[in-house]
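Read the structure below first, then the notes.
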């Protein structure tokens, strides 16, 4: 919508400028011819010349109206021609660029894209590798940072009771095969005499009854 209006305005200005230049030139030429005409008439009517013969009429001098018309035409034509020429020169000089939101947004987009590409293409920073002496004297902490230590339930218990429980529960070694076999032999040895004594007691009671 704005582009057709701009084209119409520039076309109208160029047409008006052309008309002013042409009309000023025509009026100036007409005034110059009028000036030359009455100047020639004044030259023919100068006193001191010989009187013409009686059969030829004496030419009359130019009227004051013709002089005023010639002066007005010369002045107006020169003014119009000067304005038209100055306007043409001013129009031919390129002015400052007009603000265009489309071009401005496009320039900003290209600017941001170029700046991001330049930042991505930058060389990485060079890290100084420490020497052996620096590494020994200033050890570098490796690994992730340790989380803050929070008190647990075990830490909240009194240390005295925990030590007492540990002292009352001796650490027994795990049973071996030899210890298990010895325990079984001892149990079998204890049960065998009692069984024989009970059997002999039953035999004696049976004999006494008979």
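Positions of Cβ are set from backbone N, Cα and C atoms, glycine also.
For the ranges 69-89, 90-110, the feature annotated in Swiss-Prot as transmembrane segment maps to 69-89.
Sequence-distant contacts of the transmembrane segment (69-89), counting only residues of its own chain at least 6 positions beyond either end whose CB sits under 8 Å from a CB of the stretch, comprise 17-18, 20-32, 34-35, 37-38.
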